[in-house]
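Quick look at what Swiss-Prot annotates:
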| type | residues | note |
| --- | --- | --- |
| ACT_SITE | Cys160 | active site, S-palmitoyl cysteine intermediate |
| DOMAIN | 130-180 | domain 'DHHC' |
| TOPO_DOM | 1-50 | topological domain 'Cytoplasmic' |
| TOPO_DOM | 72-75 | topological domain 'Lumenal' |
| TOPO_DOM | 97-173 | topological domain 'Cytoplasmic' |
| TOPO_DOM | 195-217 | topological domain 'Lumenal' |
| TOPO_DOM | 239-308 | topological domain 'Cytoplasmic' |
| TRANSMEM | 51-71 | transmembrane segment |
| TRANSMEM | 76-96 | transmembrane segment |
| TRANSMEM | 174-194 | transmembrane segment |
| TRANSMEM | 218-238 | transmembrane segment |
Amino acid sequence: MQPSGHRLRDIEHHPLLTDNDNYDSASSSSSEADMADRVWFIRDGCGMVCAVMTWLLVVYADFVVTFVMLLPSKDFWYSVVNGVLFNCLAVLALSSHLRTMLTDPGAVPKGNATKEYMESLQLKPGEVIYKCPKCCCIKPERAHHCSICKRCIRKMDHHCPWVNNCVGEKNQRFFVLFTMYIALSSIHALILCGLQFISCVRGQWTECSDFSPPITVILLVFLCLEGLLFFTFTAVMFGTQIHSICNDETEIERLKSEKPTWERRLRWEGMKSVFGGPPSLLWMNPFVGFRFRRLQMRTRKGGPEFSV
């Protein structure tokens, strides 16, 4: 096993901050308890566009399923069952998306690399700690700096523009649920599209929809393409995330081939750590732990961050 001083290649050694350093630590370093009461949001142009596109595509799919395929159907129970199922999956997917986007992924407080903070740690002789030169914080083990969030994130897996946030220690659960529910709703939409095409061909496109045949074909084709793309992407991401959790290894650690200096959790221990508690239906609930939080603009030097 390598010594702790060489275990992370992305860490640079810098002296700790002094009282004369040109860094506004008073305004940028807030307590973790205070940050827990605020909503987290990253003001990144690309991320916000991707997040809005995600919502629009889900709303489009819901429109086609509801108004093009189900409401015109003569089978009442077919429409009710599939309508309730698809809309539930859509709500769960969008809720998981919101929780992923608005949850602090595990950001390390900025500017805490001060002598006063160091003295409060009561370090053992010879113990090595690291300072991130970009956000001036004491960098915990397995934390990595995100250039978009402009923060060090604990157990950072990757930054996903589609949720406009990093996937890290505190929001990985919601990201996994988001990919799962999008994949399930995509499969459901593709099955409904197939049944709708069969129904329209048998009825010669006259009674299968309230829209004209050309419009119906265009809407269904676009939904099929969307469903295929969404299912492929989210199914792969879901499998990758589950594999990472079971192996207790983030995507960054895997890509950088970092040798583990921590004691890896067993497969079920990793799942329990991410989803909380023993296996239950609560694992699939994106509303667990939800509470309304206050929104507050915060000015950050040199960063597009607007965190809550």
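Cβ atoms here come from the backbone N, Cα and C positions, even for glycine.
What you are looking at is a predicted structure, and each value in this text was computed from that prediction instead of being measured.
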Can we call the transmembrane segment (218-238) and the transmembrane segment (76-96) in contact, meaning three or more C-beta pairs below 8 angstroms at a sequence separation of 6+?
no
Taking residues 6+ outside the transmembrane segment (51-71), which of them lie with a CB under 8 Å of any CB in it?
78-79, 82-83, 86-87, 90, 93-94, 97, 101, 161-164, 182, 185, 189, 192-193, 196, 209-211, 216, 219-220, 222-223, 226-227, 230
Helix, strand or coil: which one is the residue listed as 'active site, S-palmitoyl cysteine intermediate' in, per DSSP?
strand
